[in-house]
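Now, the feature entries from TrEMBL:
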ACT_SITE  Asp81  active site, proton donor
BINDING   His82, His179, His210  Zn(2+) 1 binding site
BINDING   Asp103, Glu133  Zn(2+) 2 binding site
BINDING   Gly180, Gly211, Ser212, Ser213, Asn253, Val254, Asp255, Thr256  dihydroxyacetone phosphate binding site
Amino acid sequence: MLVTGSDILVPARRNKYGVPSFNTNNLEITQAIIRTAEKLRSPVMVQISEGARKYAGTEDLANIVADLAHRASIPVAIHLDHGSSYESCLSAIRAGFTSVMIDASHHDFEENVRETRRVVEAAHAMGVSVEAELGRLGGIEEHIVVDEKDAFLTDPEEAVRFVEQTGVDYLAIAIGTSHGAYKGKGRPYIDHARIEKIGSLMPELPLVAHGSSGVPKEIVERFRAAGGEIGEAAGIADEDLERASKVGISKVNVDTDLRLAFATAVREVLQQSPKEFDPRKILGPARDLMSEIVAHKIRVLGSEGQA
Ligand code: G3H
Ligand code: 13P
Ligand code: NA
Ligand code: ZN
């Protein structure tokens, strides 16, 4: 069933589990996400970025997701990932999104508040829930000094003021994660104390972690073995996500892992079967490998069996 982001994230926060929010760009990715979540009885969020809207067309992609969501027996939300403006959030809502992110985190605090509040007022009038972001995403070294961490990771007191002033439904915080396949050397450092602090100051508010792909070693090695080139890739450890989801991180954004799985499976088919040119034989294995990633994330976050 198609529901709002809050319908999924409020119970997740209350019952101390995380829900993955996967980026989609096409039919196969969407099927891997929703079919797997249904199999594991997990709520799930499907998110569409501005780039995805450009690539697939907002209506085409939103309609694919909405149709699968409507027919699924689990709660599914369609979320705008990193919405760039008020106008973009509103056009997404018109296209059927049930959750939008307004990302004004690159602006100063006051401007971020103003932009976010505008979106919250409009979205709430239409029954859609809203995510905003405070802080700057980026990998951090375990031993960097406190001042430097404070410079870009989310400040707990500021987060409280931001939520009070905007009325936002869930808040993305900077805690050491970063986008993409290169999140730092070895095991990227996650500021658990900061998550716990923000979580304890706002015990009802679902928190969001962007940049939460695990970049699994096995997939990276398969990608290389199939001719792919990738440097010193590193993702967020399962243990870190599991721990964070118990103390406030309710929405966990994952894109890179699905991209890697997709590209790896496609490379393997084309390498192993040079005579193959049936798109179904090429994209089917990609859908299967993405489904494994989806299942793994659901289990790590504890959302299996919650729907
Ligand atoms: O946060 C970014 C997501 O991975 C979406 O990426 O803007 O290339 O679609 P994209
Ligand atoms: P990853 O690059 O870690 O998959 O993060 C995706 C994301 O945060 C989308 O908003
Ligand atoms: Na988002
Ligand atoms: Zn993101």
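For all residues, glycine too, the Cβ spot is worked out from N, Cα and C.
Automated prediction, rather than curation, is the source of TrEMBL annotations.
Using a 10 Å Cβ-Cβ cutoff, Asp255 (dihydroxyacetone phosphate binding site) registers 23 neighbours.
Proximity of the binding-site residues Gly180, Gly211, Ser212, Ser213, Asn253, Asp255 to ligand 1, judged by a Cβ distance under 6 angstroms to any of its atoms, singles out Asp255 in sequence order. Cβ packing within 10 Å was compared across the binding-site residues Gly180, Gly211, and the lowest neighbour count falls to Gly180. With all protein chains in the displayed structure included, the most crowded Cβ environment within 10 Å among the binding-site residues Ser212, Thr256 is that of Ser212. Note: the Zn(2+) 1 site is recorded as His82, His179, His210; in the same chain, Asp81, Asp103, Leu137, Ala172, Gly211, Asn253, Asp255 also have Cβ atoms within 8 Å of that site's Cβ centroid.
Within the set of binding-site residues (His82, His179, His210), the lowest number of other Cβ atoms found within 10 Å of a Cβ is recorded at His179. Less than 6 Å separates the Cβ from ligand 4 in the case of His210, Asn253, drawn from the binding-site residues Asp103, His210, Ser213, Asn253, Asp255 in sequence order. Note: the dihydroxyacetone phosphate site is recorded as Gly180, Gly211, Ser212, Ser213, Asn253, Val254, Asp255, Thr256; in the same chain, Asn23, Thr177, His179, His210, Gly235, Asp257 also have Cβ atoms within 8 Å of that site's Cβ centroid. Among the binding-site residues listed (Asp103, Glu133, Gly211, Asp255), Gly211, Asp255 have a CB atom closer than 6 Å to some atom of ligand 2, in sequence order.
Screening the binding-site residues His179, Gly180, Gly211, Thr256 for a C-beta under 6 A from any atom of ligand 3 leaves none. If you compare Cα positions, His210 (Zn(2+) 1 binding site) sits closest to Asn253 out of the recorded positions Asp81, Asp103, Glu133, Asn253, Thr256.
Reduced to three states, the DSSP call for Ser213 (dihydroxyacetone phosphate binding site) is coil.
DSSP assigns Asn253 (dihydroxyacetone phosphate binding site) to a strand in the three-state reduction.
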